[in-house]
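K.L.:
According to TrEMBL, the protein has these features:
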| type | residues | note |
| --- | --- | --- |
| COMPBIAS | 107-127 | compositional bias 'Basic and acidic residues' |
| COMPBIAS | 128-138 | compositional bias 'Low complexity' |
| COMPBIAS | 154-173 | compositional bias 'Basic and acidic residues' |
| DOMAIN | 347-480 | domain 'AAA+ ATPase' |
| REGION | 1-41 | region 'Disordered' |
| REGION | 107-138 | region 'Disordered' |
| REGION | 153-173 | region 'Disordered' |
Amino acid sequence: MSWLFGYKSQAPPQGGGDGGPEPPGPPPSSAGQMAGDANLTKAERKAMEAYRFDSSALERAAEAARTLERSKHAREALELSKMQENTRQQEYLAKVKEYEAHIETSKVEQKRVDHEERRKTLAEETKQQQQRAQYQDQLARKRYEEQLAQQQRVQEENLRKQEESVAKQEAMRRKTIEHEMELREKNKMKLLEAELRAKAKVDRENRDLTLEQIRLKAEENRITVMEGIKTAGSVLGQGATALLTDWNKVVTTVGGLSLLALGVYTAKGATGVTARYVEARIGKPSLVNETSRFSLLEALKHPIDTVKRLKHKPTDALQGVVLQPKLEERLRDIAIATKNTKNNKGLYRNILMHGPPGTGKTMFAKRLATHSGMDYAIMTGGDVGPMGREAVTAIHKVFDWANTSRRGLLLFIDEADAFLRKRSSEQISEDMRSALNAFLYRTGEQNPRFMLVLASNTPEQFDYAINDRLDEMVEFTLPGLEERERLIRLYFDKFVLQPAAEGKKRFKVEQWDYSAVCSRMAKMCEGMSGREISKLGVSWQAACYASEEGILTEQMVLDRCEAAARQHRQKMAWLSEQEKLDHKSITGGKGFLTQ
């Protein structure tokens, strides 16, 4: 439709010649105007262009309109033109709507930006207020601490003056007492000297009379003794004569002596049986070092501890025990199984806990018994060897005593490899062999009365028969980085933060980042056991008590940790080659430190 608006288009060629019709030349008037315009300046030509109108386009449009009216497709062309115009209008309206939507989006975005700026402003104002409040709180706390320090200095000065005054008074009183005692002693010595002189003078004057009295008393004593001997001999002789001459008296005497001997031996045997029964039911065997089982003798000795133990409720078996997650999961399964076994009166399973010392074996055994509602008894394998021949009897007493438990007994044997060594490759005495055989005899079958838990640092030394009686073997390894950090946080809270919060005398803690320091110390304590870390907590308390002001600083904590790590490395360096091999075997090659 460009031809409707006067645009030029190339017309198809007409006629049969090679070239098309020549283009029409410019109108005469136009030619004249062009010739006249040549004499005008550039500015004048631009001014004339604004008022010039080319009528040729209108003529072409009129000619096209006439041609279109004569064409049979005029109506279709007009409809097509209307549709194109409608399409352009719709596109224009769509662009208008899109522009309006863009404007609304811009407004929403501007509101969001304003809201975000307002929120940031409020957050910054809140932060400034918090910092201001913290600064004011720090100033108030510092002023309060300075006041407390001033009051403490004044109190210490007053106390020092009072102590000096009391010391002076005490010194004066001591001097007075010493002077009085010295005078009294001199008076006593003078009085005693006078008495001795008077007595010596009297003795010298009465010497003859005294000797006569001594001779008379000796003569009377000799006569009395001789008469007593004569009377006793005559009485015994008459009694023996009467007894031997009368047969009935002889029979009666012999029977009385026989009955007396029978009564003595019967009483002795009954006393032994009663003592063994009392030892089995009331007391505890000599091999048992510690037990939670109720005992009448222990209750009489320690009534308060007994009442607390009776009121104590079962707790979680892993409470206060920090171990690796997989090990904790396995121990929790053992605790649940043991508790259900006790409730259902089933057969207990025997457990071996092996690993480096100080990794929580004894602690878990106690918690396991308490969690399951059982009694526990702890004995040491090193106590069996020195007993010699009495070891067999002592072991039987332990198991007899364990079988009498109504609640069920967890028998924990620490350092069990001390008397349960291999019989084939180890040179052991006959007494130790007999003790081992007695132990194997009493543990041949699982028992619903007691549960056997062995602990050892070198389990490879156990006799094969002992390994055959074990149902579970649990390895306690040295704590890793996460476990060491949990232990350090636990003991730091127990030995440092809690005493400081309770306000104990001469125990204060400076303010520092406790969490970061605990994480740093966990890396420094590589290879250390739980027991060594607990001793580190005690050393923090000692460092605070040893300081002049009683304040525990960050540097003091780190110094004690470094000293503990250095001592651990020194202990590892002191191990012999065999001990190093044993240490590697029980730690799995981990945690062994050398300088």
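In case you wondered, yes, glycine gets a Cβ from its N, Cα and C as well.
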K.L.:
For the domain 'AAA+ ATPase' (347-480), what are the DSSP-based totals of helix, strand and coil residues?
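P.N.:
For the domain 'AAA+ ATPase' (347-480), the helix, strand and coil counts are 56 helix, 29 strand, 49 coil.
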K.L.:
What average pLDDT does the predicted model assign to the domain 'AAA+ ATPase' (347-480)?
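P.N.:
Looking only at the domain 'AAA+ ATPase' (347-480), pLDDT averages out to 88.
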K.L.:
Would you list the DSSP helix, strand and coil counts for the residues of the compositional bias 'Basic and acidic residues' (154-173)?
P.N.:
20 helix, 0 strand, 0 coil
K.L.:
Counting by DSSP, what is the helix, strand and coil composition of the compositional bias 'Basic and acidic residues' (107-127)?
P.N.:
21 helix, 0 strand, 0 coil
